[in-house]
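See structure below.
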C-alpha cells in the first residue's frame, strides 16, 4: 500500500502514513459547532465583572478611591436638598448660616463592673467601634468615690465623638435600623432636649445594630447618644430632627410649664400659730 502524506495543523510539516488504520488513529481537531460558540459567547456576556481590588500603598495600607471619598452621604443630601428649604421658610431665616444643623454626635457607654476587666473592656471597645465606625477612647474617673469603689484615674467607660461623614452614617443607621429594631418601640421622648438644642437618648441593648449579632452571649451593654446641633432653641432642634427622620412619640405630649403659686409667710406657719388661729 502506498504511503500517504498527512499534515498536522499544529506543526505544519507533512509526514507519511502507511495504511488507513494509522490515518484513523490521528487525532485531528474538529471544527466547533456554531451553536456551541453562541452559548459560550452568551455566557461570557452574562458573567458579572470581577470586582476590582482597591489600590494599596507600598506599606500595605488600603487606599480609598477618590470618587468614593468625595461621595456625599444620602442623609446629608436629604438635609441640603429638602430640610434646608423647608426649615428656612418655616422659621424665616435670612441667611443660610442661620439654618440649624447637626454638629456632632457623642456616643458613650458605661462599663460598670467590667471596667476593671481587660478582656471585657477590649470587647466593649471593639463592639462600639464596629457600631460607630471609629475607635473609642477610655473615660476615666475625675475623683474618687468610696461608696462606688472608684478611685481617681480608673477607667469607668468609653466614648466616641463623631463628625462629618461618619456622623451622618451612624445617624442614618440609628434612625432606620437601630431604633425600629428596639423591642416594644413606640417612639422616642420629645422632651429629652436640654434647652440649648441638644437631644439625648439611651439604648439598653447594642444588639439592635446589625453589627452586633444576637448569638453573642454575655452581658448586654447599653449606650447613650447625644446629638449636638447648632439650633438656639429646642423648637428648632425638634423640627430639624423630625425632618431628618427622628421617630418622636405622638403619645407623649411636650412639657407644659406650670406656674406654681407663690407661697406667703403664713403658709409655712403651723395651724395654731397662723393668722386667725388659736393663741
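Sequential numbering from 1, following the chain as shown.
Glycine too: its Cβ is placed from the backbone N, Cα and C atoms.
Unlike curated entries, TrEMBL annotations are predicted automatically.
Note that the structure is predicted; figures quoted are calculated from it, not measured.
For 95-151, the entry in TrEMBL reads domain 'Large ribosomal subunit protein uL5 N-terminal'.
Note on the domain 'Large ribosomal subunit protein uL5 C-terminal' (156-248): mean pLDDT across this stretch is 87. Among the features that TrEMBL reports, domain 'Large ribosomal subunit protein uL5 C-terminal' is placed at 156-248.
Counting residue by residue with DSSP, the domain 'Large ribosomal subunit protein uL5 C-terminal' (156-248) contains 29 helix, 22 strand, 42 coil.
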